[in-house]
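Student: This structure is in structure tokens; I'll ask about it shortly.
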Amino acid sequence: MSYEIAVVIFVVLVMLICLVKEVARPEFIVFCSLAVILLLGIISPTEALKGFSNEGMLTVALLFIVAGAVKESGMLHQIAYRTMGNGVHPRRSLFRMMLPISAVSAFLNNTPVVLMFTPIVRKWCQEHNISPSKFLIPLSYATIFGGTLTLIGTSTNLVVHGLMIEQGMSGFTMFQLAIVSLPACLIGIIYMGTIGYKQLPNRKSSEESFENSSREYLGEAVIEADSPLIGKTIEEAGLRNLDGLYLIEIISNGERVAPVTTYQKLKAHDQLIFTGLLPSIVQLQQMKGLRVETGTNIKLDDLRNGQTTLIEAVISHQSSLLFKTVKENQFRTRYNAGIVAIHRNQERINSKVGDIELKPGDTLLLLTNKEFLARWKNSDDFYLLTPVEPEIIDHRKSKIALFTLVGMILLASFNILPMFQSSLLAVMILFLTRTVTLEGAKKYIQFSVLLIIACSIGIGIALEKTGAAALIAGSFVQVTDGFGVLGALIIIYLLTTVFTEVITNNAAAVLMFSIAHAVAIQLGVDPMAFFVAITIAASASFATPIGYQTNLIVYGPGGYRFSDYLKVGIPLNLLYFLVTVTIVYFVWII
């Protein structure tokens with residue numbers, strides 16, 4: 001093993017460990033890994049920057065703009081409100097939801113689809129007395145199913161497509177992946193409506209939710225200077241047996257009092273830390289002399305006159321807020337929003353709101369003004385779950401956006417123009433017709449995703465150039481020697497699945513591309529078989545809430561535990577594995 005191979009493998013292993021442990025934001029970790037390889041002279045600056053001109057990566061950027069324009073058209077709202085049934089037959093409603101969502105996700109970015117549907121599904125479940133936990137994981141999975149149906153369904157497909165073109169191949173056609181993914185999608189939907197539905201938790205009542213902490217928030221209230229509660233004990237103040245709330249700590253004159261006894265007397269400016277159900281925390285404001293702390297001048301009382309609004313936001317994997325406390329992030333100044341409460345799955349937070357270090361998947365209840373939605377709805381820092389009602393729809397722009405999307409799909413499907421040129425033409429039309437402005441386009445593009453893709457491509461080049469990919473591929477071939485091509489295909493698929501569950505799906509696809517290509521060359525088979533396998537495997541992330549961003553979005557709102565994803569997702573991963581490997585083997589290898 002040469003020095004260059006050893007260094008590249010070491011850097012990649014350290015990168016994977018850092019991604020798994022979430023020591024920093026994913027794009028920062030991948031960027032630093034590429035920088036180390038470049039600074040050590042293993043690849044040239046031209047090779048390191050090659051990912052930034054990759055056709056697949058640039059196509060992803062263009063499609064972010066197209067998808068943003070379609071989202072603003074109001075089409076998703078129309079589909080969302082017409083999808084759900086009357087609730088008499090929940091499983092039938094599940095099928096009614098998953099089929100159209102999978103179809104929509106075949107052509108649009110998964111994230112806005114889930115963000116649009118999540119509050120609508122929760123409201124529908126509440127109206128029909130059905131647990132949202134029965135529907136939100138299926139919602140996320142439906143978008144993943146649909147994302148694998150077409151070339152433009154998800155960024156991973158386009159990334160692998162771009163890498164294939166750089167290798168001198170033709171890349172995927174618009175519906176080529178559907179040979180594998182359509183049967184897998186239908187089987188997945190049937191599974192979710194039968195076995196999967198039984199495995200999903202049924203957390204319905206408030207009492208049940210509170211007991212298993214599936215939807216507990218942490219909030220903070222302050223005893224005002226003229227409060228009638230001053231001098232009273234916890235029991236006398238009526239703070240002991242609150243419905244759906246538990247007083248876990250008092251901070252008095254800078255000293256923490258925990259556990260809190262019934263005889264603890266209250267003083268002016270005492271900070272009371274509560275954990276419990278969301279409506280109960282908000283209702284604390286009704287107690288005279290007790291002010292729910294939001295960290296901002298905006299008051300909960302303003303909710304009654306419509307001047308303010310409550311918004312739920314889920315911290316994303318790409319968030320700049322990660323691994324810093326609320327206070328360090330200067331949340332109030334930065335967003336003009338106060339944090340009323342914070343919810344973290346499977347963990348009771350015993351701290352002041354300002355001292356909480358934010359993690360991916362944390363759900364924040366924000367008190368802010370009406371302008372917040374319009375300003376931050378496309379932010380990389382969090383996913384907004386409160387229904388964002390479309391502004392007065394410009395029907396002209398709406399029609400242009402929809403016709404542009406359809407035209408782009410037709411041009412690419414019939415090979416009139418390659419995918420990159422089709423998406424470039426689509427964006428040009430959106431700009432020329434002023435359907436999208438330059439400022440709007442900037443908000444639609446997820447630059448953190450593009451950075452991960454571009455840097456991962458540079459690392460993939462290092463794996464290939466140094467011979468590290470060939471060395472790893474040779475090990476795969478030796479290990480699977482007795483099982484032939486099928487054994488190698490199985491190993492490649494499973495390894496990609498593991499990577500995509502613990503790191504980002506795009507990074508997993510890029511890293512495995514070089515290895516899969518080298519394996520195909522050594523075995524003398526059509527590389528397309530392995531490229532299809534890693535593309536499907538990199539998107540088929542069902543077993544954890546962290547493997548795919550849509551899983552993370554529904555993690556908090558559904559009140560799920562990590563184990564819920566394992567119970568429902570692992571069998572689904574196995575189904576996708578069996579379907580993909582079987583079809584790929586018979587279509588591209590035999």
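Glycine is no exception: its Cβ is also placed from the backbone N, Cα and C atoms.
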Student: Of the ranges 139-160, 227-248, which one does TrEMBL list as transmembrane segment?
Tutor: 139-160
Student: Which listed range (5-22, 400-432, 444-463, 528-548) shows the maximal number of Cβ pairs under 8 Å with respect to the transmembrane segment (470-496)?
Tutor: 528-548
Student: Report yes or no: does the transmembrane segment (568-588) come within contact of the transmembrane segment (400-432), defined as 3 or more CB pairs under 8 Å with a sequence separation of 6 or more?
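Tutor: When sequence-distant Cβ pairs are counted, the transmembrane segment (400-432) does not touch the transmembrane segment (568-588), since fewer than 3 lie under 8 Å.
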Student: Under an 8 Å Cβ to Cβ limit, what residues of the same chain, 6 or more beyond the ends of the transmembrane segment (172-194), are close to it?
Tutor: 91, 94-95, 98-99, 102, 138, 141-142, 145-146, 148-153, 157, 160-161, 164, 409, 412-413, 415, 419, 532, 535-536, 540, 568, 571-572, 575-576, 579-580, 583-584, 587
Student: Contact between the transmembrane segment (400-432) and the transmembrane segment (502-521) is defined here as three or more C-beta pairs under 8 Å separated by at least 6 residues; is that satisfied?
Tutor: no
